[in-house]
Amino acid sequence: MTTFGTIEQAMAEIVAGRPVVVVDDANRENEGDLIFAAELATPELVAFMVRYTSGYICAPLTEDECDRLDLPPMHHTNQDRRGTAYTVTVDAREGVSTGISAADRAHTIRLLADPRTGPADLARPGHVVPLRARQGGVLRRPGHTEAAIDLTRLAGLRPAGVLCELVNDDGTMMRVPDLERFCAEHSLVLITIADLVAYRRRTEKQVELVAEARMPTRHGVFRAFGYRSDYDSAEHVALVMGDLGDGRDVLVRVHSECLTGDVLGSLRCDCGPQLNAALDQVAREGRGVVLYVRGHEGRGIGLLHKLQAYQLQDTGRDTVDANLDLGLPADARDYGTGAQILYDLGVRSMRLLTNNPAKRAGLEGYGLTVAGRVELPVRPHPENVRYLRTKRDRMGHLLEFDEVIEAPMGRAVVGDGIGA
């Protein structure tokens, strides 16, 4: 059985200028990164990192620092599967030779962590890859980028880190057994992002319960809990039915806001029927949560961008390519705020009402246990069958439905509404 160190031990190592090894969830990258504080970078630390990792050394910085240092994204559309926010690469403008040596990269990294550094002090491109960490850290995105920022901040240092993925001698990624052996050999502390999430949950609160009220609906009587997040301007609502008790085995639907489908009854998607089906299932069971996450319109691209994507779909593009054509991600949602709200409500393990496996992985990374997936039935309509096929075939949604005749592009088809 793997023995992991504590977050307190990791912070002590970071302050002492030593690296730690951080492993993420097995359902995410399932990789271990060597991480240390950027302001304490030395040629020896960088050389050690180069020797035992892929060598693609990155320097996580906060969003504010990336903006201050004029570090734009490496590409206008982030197509990285995990949403890692690479910026343009840099070298120190002065004090380096080619920029690639351990001493040169250590100098550049220290410069990135120095509050006196300005945009003109950096040359672009270079040999160090800054990463833009999500505001809110691992509570918003449980990635190594955010872990590096959280560890340095919690250790009382500048919130700027250095990281790279550990690899075996044959070039394959180190997994937990390999990481254990590596840490034992080099006397390094091994921690998990899940433990860092749990530590921050114990010591910080990122969401605020603003209001609670009785909410009678045509599905039954719920309690409505209104939340606001420190790192999210949107307001979110959780509809809770019954006593959640110990928070185990709770039926949960995390529903992304969709004005067109949920409110206007649009037939272009299946969002409205999914919301109604989830409320019905929770009401039948008499215990559960339907969490309505604001700010997720159009899988996170916003209402007007979604309408622009619809324009492209009317010319033949599918829902994925339409987003990409606009320079936007196929799916820009994160579930960090939603996970914090569920945790604040007392949910610890859940049966998740979803057809989207990525949603399960997105929630499990925040310390919540998904005990099982409950399928939401799908009834296709001529107006949304192409959308459903794309979700199934290109986005990995687990959908089974009877085929129907697709509506002509850009023309409305009169029909009965979509059922649940």
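Any Cβ shown, glycine's included, is placed from N, Cα and C.
Quick look at what Swiss-Prot lists:
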- D331: active site, proton acceptor (ACT_SITE)
- R333: active site, nucleophile (ACT_SITE)
- R28, E29, D33, R141, P142, G143, H144, T145, E165: D-ribulose 5-phosphate binding site (BINDING)
- E29: Mg(2+) 1 binding site (BINDING)
- E29, H144: Mg(2+) 2 binding site (BINDING)
- R253, V254, H255, S256, E257, Q274, E297, G298, R299, T319, T354, K359: GTP binding site (BINDING)
- C258, C269, C271: Zn(2+) binding site (BINDING)
- 1-202: region 'DHBP synthase' (REGION)
- 203-420: region 'GTP cyclohydrolase II' (REGION)
- H127: site 'Essential for DHBP synthase activity' (SITE)
- E165: site 'Essential for DHBP synthase activity' (SITE)
Inter-residue Cα distance where the pair is D331 (active site, proton acceptor) and R299 (GTP binding site), in Å: 5
Secondary structure at D331 (active site, proton acceptor), reduced by DSSP to three states: coil
Spatially closest candidate among D33, H127, C269, the listed recorded positions, to E257 (GTP binding site) (Cα to Cα): C269
Cα-Cα distance linking E297 (GTP binding site) and C269 (Zn(2+) binding site), given in Å to the nearest integer: 12
Under 8 Å by Cβ from C271 (Zn(2+) binding site), same chain, sequence gap 6 or more: H255, S256, C258, T260, G261, D262
Rounded Cα separation (Å) that holds between H127 (site 'Essential for DHBP synthase activity') and D331 (active site, proton acceptor): 30
Closest of P142, E165, R333 to E297 (GTP binding site), Cα positions, recorded positions only: R333
Nonlocal neighbours by CB distance (under 8 Å) for T354 (GTP binding site), same chain, sequence gap 6 or more: R253, V254, R360, R373, V374, L376
